[in-house]
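**Q** Below is the structure I would like to discuss, written out as structure tokens.
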Amino acid sequence: MTPLEIDPNIARRYREPGAGVFDPALGSRNRWGGIRFLKTPSAALATAILAFGILTAIVGPILRPGDPLRITGEPLIQPFVDWAHPLGTDVLGRDLFSGVLFGARVSLLVGLSVAFISLVVGVLIGAIAGYAGGWIDWVVTRGIEIFQTIPGFVLLVVLVSVLEPSATTVIIGLALISWDAVARLTRAEVINHRSREYVLAAETSGVSGPRILFGEILPNIAPTLIVTASIIVASAILAESALSFLGLGDPNAASWGSMIGSGREQIRSYWFPTVIPGAFIVVTVFALNVLGDALNDFLNPRSNG
Amino acid sequence: MTLLSRLGFLLLKAVPTVFIVVTLSFFFVQLAPGDIADYIAASSGAATEEGTSALRESLGLDRPILEQLLHYYGTLAQFSLGQSMRFDVPVTELIAARLPSTLLLVGTSITLALALGIAAGAVMALNAGRSKDRLLSAVTLVLYSIPSFWIGLMLIIVFAVQLGWLPTGGAEKIGSRASGFSYLLERGRYLLLPSLALASYYIAIYARLTRSSMLEVIRQDHVRTAVAKGLNRWQVSLRHIVRNALIPVSTMAGMHIAGILGGAVVVETVFSWPGMGRLTYEAINARDYVLLLGILLTSAFVVIIANILVDLLHRVLDPRIGARA
């Protein structure tokens, strides 16, 4: 998309009094934008942590092959003592380091798939509702309201337990409780942009509705959606860990939440089977939130907070 | 619009929502493989084919699905949520026994989250850009990233196991005879850790929200006027900035009730808190879908009622809202 293809007359008018809000979505953002972004220390740190996390999720299982759920040593070896088990073992003698590596895979897979599905569905529904208005908008708004009335996590628990826990049902359930926030946001943004001059200009030049919506408006609200995506990944990882903590995760895969769930039984005498996987969740989610904040500052410089 | 007519309007508006929530939930539970009759047959061990189908007939499970749905509406209209398959008592009875402790936990958490969050947000906004702001921003961002059940477990490790100050779980001492103030104190000791664990995420949200909303209000004309009038810093901050900045915060708090109720499921499990969340966990393990459906509906009702209350409260706090509409 080249946002600069706007009639220069219109672009000039935005400075005039009463011109309303007009953002010439500009070319000042050059191809070095990504590098400029990484120069912010917090953004760089968050990106590094996440890149490391993704790398771990990919190569981790190669580093420590074999099922992380099999018993490999004595039970409850302390961390940093035995180099065969750098992070120790749990009550059944399962290696915590392998568990954590495989857990990264589960968390990131769930987080990214949920963000992808709920963004596609939410943006599509919200954008159409916001652009079309009328009864379509009314129906969608009511639908979103209903999803906001049902406590998401309770619905998730009911759905996953009804459909039998597996990676697929967890992802579907999480997407089902996440799309409404995306749809609401997209709808509000589209309505906000609908009456802006660049949209009016496109309408007058006879551009078709779908092309205006997907070719003009969506690229302009993309920054907000990108920030939302990082928040969804973070909250999906948190919700997945809570589900598997309750024993509603995929029973055949080690995940951070299920490791905490089994470590919890020995919490009075052994802290590490509970603390270690939890620390990985916190670091990952923290990095995602820092990244979201940094992206927000970078992409929406006018917003504050 | 008066408060009473607003209440009427909101209740009327809730009717179709309730209807659709009930219908959706009913179909969600229908997705389950096998039905209650199968479950009862499996748990009793020695069930015959005839026995199971007789059971199915007596529960009305052999009828067409639409008929079952209508029947379900019928029982709901009589304020009954059906019979729990696992515990063999009416679901309403089970929920009624657990709902008060969940409401206590959720209420305490929201209060804690609002109090601590707004205080932290106000400090951040009044010191924007300085080290206090940076430090608190970092702390809230960390709180925002910790799963509530894990923070609960960490609180248990520190305050219950290591320091031994507070109990690890439960809602009150079994067989306790404390009364009056000491009873409240004792309940408070059990309530503190779970409500903190549940509140942590929301403390972070409210702190961030208060901060950004205050920074917006600070720039407005009425604040400049207040300063020009010679009001002192405290009066300006509390009466002119914080009060106005709280409007978006209270709107958000209404929207978070559903989320906090969901979070209670996990936190109650961690602290063996005898509320609806633990009941949910028990219902999952028992595959008691009737009970699960009842819990889902009750939580949705609680959210609807809470949202109506927040809406009315808003009108009392900010008279402009009613006037504008």
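Numbering starts at 1 and runs along the chain as it is shown here.
Glycine residues also receive a Cβ, built from the backbone N, Cα and C atoms like all the rest.
Sequence annotations record features per position, and here TrEMBL assigns domain 'ABC transmembrane type-1' to B:99-314. What TrEMBL records for B:7-29, B:103-126, B:138-161, B:190-209, B:245-269, B:289-310 is transmembrane segment.
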**Q** What stretch in B:103-126, B:138-161, B:190-209, B:245-269, B:289-310 has the biggest tally of Cβ pairs under 8 Å against the transmembrane segment (B:7-29)?
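**A** Comparing B:103-126, B:138-161, B:190-209, B:245-269, B:289-310: B:289-310 has the most Cβ pairs near the transmembrane segment (B:7-29).
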**Q** For the transmembrane segment (B:190-209), which recorded stretch in the set B:103-126, B:138-161, B:245-269, B:289-310 gives the largest number of Cβ pairs separated by under 8 Å?
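**A** By Cβ pairs under 8 Å, B:103-126 leads among B:103-126, B:138-161, B:245-269, B:289-310.
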**Q** For the transmembrane segment (B:138-161), find every same-chain residue at least 6 residues outside the stretch whose CB is under 8 Å from a CB in it, and list them.
**A** 120, 124, 167-169, 193-194, 196-198, 200-201, 203-205, 207-208, 263, 266-267, 269-271
